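Undergrad: What follows is a single structure, and I will ask about it in a moment.
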């Protein structure tokens, strides 16, 4: 089936000519309210699929298929593609553009409201290698990404197109200006890297900023053990509450400005090798983990 599709003399959905034809046929306009920008650069789409490392016996979960440009590419390599689309008006369009593929299910649901663990059971996907691949709307990138990372959903990796600035934040290292609570939320669970930068001219309509393809891969379980996740998350968020302030000041604002708390914090800093005047962005993830352990001893 896939081989036959590849040989058919038909423009891919991502080809700008076909994208414009589809938009004219359906009088389709990208909805700003849903952050829609249709990707029309085939090289970028191929790079996304390559970055995912999808194989013929693996499952792809796509979020926001739009008119099906990436969906089509995924279907040519994956065993099956499940594409979640929140915009009901795109469902009949996807039924048309993807009609030649028998290994795609388009699901008209908000991914944030889907019980993914239940979905895996209902579709008999236990034991399958599952990879999430998506060209995400900018406005909802972070909620979707964190929802997936923090769930027990058994995916192996995420390959996400997102705003370049967000990609820089989730891949930042200590000392970088973009390093913050989002960085730590991602990197405590995932190994994150930027695969490539994507200019605005690759989309219809063109966004005002550049994008990036980020690859996130699950860390081994032994590397993501945190004794008290709720406390750790509060500690991290409090440490970056006011980025221009020192870590000491942010923690005092959280714990209370008393001489006793100042001494406790100083003692914790000393045990963790953190300078008294350090800022949150200068502290490594391992030091944050160690701080959480030390504070819990107090």
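Even glycines carry a Cβ here, placed using N, Cα and C.
Quick paste from TrEMBL:
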BINDING   37, 39, 64, 85, 110, 135  S-adenosyl-L-methionine binding site
DOMAIN    44-220  domain 'Ribosomal RNA adenine methylase transferase N-terminal'
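Please situate the listed features within the shown structure.
TA: Take the CB of residue 85 (S-adenosyl-L-methionine binding site) and look out to 10 A: across all protein chains shown you find 25 other CB atoms.
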Undergrad: Inside 10 Å of the Cβ of residue 37 (S-adenosyl-L-methionine binding site), count up the other Cβ atoms and send me the figure.
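TA: The answer is 20.
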Undergrad: When the pLDDT values for the domain 'Ribosomal RNA adenine methylase transferase N-terminal' (44-220) are averaged, what is the result?
TA: 94
Undergrad: Below 8 Å Cβ to Cβ and six or more residues apart, same chain only. Which residues does that give for residue 110 (S-adenosyl-L-methionine binding site)?
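TA: In sequence order, the residues whose Cβ lies under 8 Å from that of residue 110 (S-adenosyl-L-methionine binding site) (at least 6 apart) are 84, 86.
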Undergrad: Pick out which of the binding-site residues 39, 64, 135 has the most other Cβ atoms within 10 Å of its own Cβ.
TA: 135
